[in-house]
Amino acid sequence: MMRSHYCGQLNESLEGQEITLCGWVHRRRDHGGVIFLDIRDRDGLAQVVFDPDRAESFAAADRVRSEYVVKITGKVRLRPAGATNANMASGMIEVLGYELEVLNESETPPFPLNEFSDVGEETRLRYRFLDLRRPEMAEKLRLRSRMTTSIRRYLDENGFLDVETPILTRATPEGARDYLVPSRTHAGSFFALPQSPQLFKQLLMVAGFDRYYQIAKCFRDEDLRADRQPEFTQIDIETSFLDEKDIMGLTEGMIRNLFKEVLDLEFGEFPHMTFEEAMRRYGSDKPDLRNPLELVDVADQLKEVDFKVFSGPANDPKCRIAALRVPGGASMPRKQIDDYTKFVGIYGAKGLAYIKVNERAAGVEGLQSPIVKNIPEANLNVILDRVGAVDGDIVFFGADKAKIVSEALGALRIKLGHDLKLLTCEWAPMWVVDFPMFEENDDGSFSALHHPFTAPKCSPEELEANPAGALSRAYDMVLNGTELGGGSIRIHRKEMQQAVFRLLGINEAEQEEKFGFLLDALKYGAPPHGGLAFGLDRLVMLMTGAQSIREVIAFPKTQSAADVMTQAPGVVDAKALRELHIRLRETPKAE
């Protein structure tokens, strides 16, 4: 081997030993005739000292520059008093260099790798192989590796089998657009890249494998956000003969074990909350429990007011009026309130009413708001008591369709929590349960809230009689307002699966065409089964404190789903297209 140690392995116990390092020159400094090189490898940094007494190695050190690849042999010694570096794992020692061999030179990188600099993301992605040399980036990928090792070990110890499922499969309606792959051997037909291994893992349960997992690549052709990529990694889990409580306990144990092993953090039992309670109190099905702000329903106090902005929604069963108290918010300037009004407009809110509570004991005179004149004092007092308002607070109101109010005030709650630094702890894991089975579309049709294979908490007859009121056996794990993973007990009887398909508007012919293999499998003794899938990229992002999942993926795509380093996607030559039976047609130019 070319090296005896990694840089990060050097410590006081090696004092006096001769070692060999291989790595990159992270930083070079010339101090009073002595040359210091900080050498970097994947494990960390080590300081190597070259003095003029060893003329050959000193001359070599004098020639090297940042990012040269070098091999260095020398002796470990303690640093002089006052020269230790607590920011380096090897900061108590240094290496007195004897030999230096340049293994490869380097041009000057397009951005500095040894200091923080505000480099545009596109430049970083164009030179990702250099960006990943930066210690903070390398540390994120090292932590990701430790995480997957911990997860695999936990699942292996709990009897799970690691089974690979196909990447080339067929398109199924799972919500997002599929990435399609044309078949050369079946003209006019296309494979689809999997959005998840959902159906294959269910078929593995039918096959009797009982406990399955996979660190799976998944693909979705959707609009990208900070937590989305066209290809992403999923911790995919499925089990037989376990109910919701069992699966949630098993996977919660995995996450608690992961945080203990990787970050040395102990979590207690995760609280459970129904979907209905989460939406009512927090305006979100993935609430951030670090934030103490809550939404409070107040429509009952506004039904009779002479103010249609409130009385209209208060008397409409499809609408909601909610209040959000912000402690100490009465000092907010008008511009800040206007900014928050614009913010909720993103979510469809037509405005943002508010009351500043200056002095409650003074009655209406102690309240500052354009709306107080429209609300009887008795009702105002009930509202302020209900939200717990005291002097110095501000209370915001949302009145509109229930979905708009929940989303707008839920998003405002999160923004206020961060803007005003209200978060009460660093980590807040939880479970959300009892989701609706379906969501109703504007045209009266239904869509599956999770996916069409989720089991309901009722019989097929009850489901078809009242689909809007049906609850599912689904569960989501949420951490700090981010959905870590979602799962459910699956449908394991053909009759129930067909009933769900019918409610989703999938007729028998389409059922047979797209899901015939699944319906066939359910006829042959499919066991009760369920599972869960975690977004690995999102989990790594949270555990490293990264701002985007692009920071924790080795070679991510941009927000326009492109790879600026390899220039993918790229143009394909005409011969390859002919072999795939594809002809490109130019889009006519607009007149």
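Backbone N, Cα and C atoms are what each Cβ position is placed from, and that goes for glycine too.
What you are looking at is a predicted structure, and each value in this text was computed from that prediction instead of being measured.
Taken verbatim from Swiss-Prot:
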- GLU174, ARG220, HIS450, ARG490: L-aspartate binding site (BINDING)
- ARG220, ASP221, GLU222, GLN229, GLU483, GLY535, LEU536, ASP537, ARG538: ATP binding site (BINDING)
- 198-201: region 'Aspartate' (REGION)
- HIS31: site 'Important for tRNA non-discrimination' (SITE)
- GLY82: site 'Important for tRNA non-discrimination' (SITE)
* Identify, among the recorded positions HIS31, ARG220, HIS450, ARG490, the residue whose Cβ has the fewest other Cβ atoms within 10 Å in this structure. => HIS31
* Rounded inter-Cα distance in Å - HIS31 (site 'Important for tRNA non-discrimination'), GLY82 (site 'Important for tRNA non-discrimination') -> 16
* Structure fact -> The most crowded of the binding-site residues GLU222, GLU483, judged by neighbouring Cβ atoms within 10 Å of its own Cβ, is GLU483
* Out of GLY82, LEU536, which has the highest number of nearby Cβ atoms, where nearby means within 10 Å of its Cβ, if these are the recorded positions? -> LEU536
* Asked: When you measure from the Cβ of ARG538 (ATP binding site), how many other Cβ atoms are you left with inside 10 Å?
  -> 21
* Return one of helix, strand or coil for GLU222 (ATP binding site), based on DSSP. => coil
* To do: Name the one residue among GLY82, ARG220, HIS450, ARG490 whose Cα is closest in three-dimensional space to that of ARG538 (ATP binding site); these are the recorded positions.
  => ARG220
* Rounded to the nearest Å - Cα separation of GLY82 (site 'Important for tRNA non-discrimination') and ARG490 (L-aspartate binding site) -> 63
* Structure fact -> DSSP tally for the region 'Aspartate' (198-201), helix/strand/coil in that order, comes to 4 helix, 0 strand, 0 coil
* Which whole-number value in Å describes the distance between the Cα atoms of GLU222 (ATP binding site) and HIS450 (L-aspartate binding site)? -> 17
* Rounded inter-Cα distance in Å - ARG220 (L-aspartate binding site), GLU483 (ATP binding site) -> 17
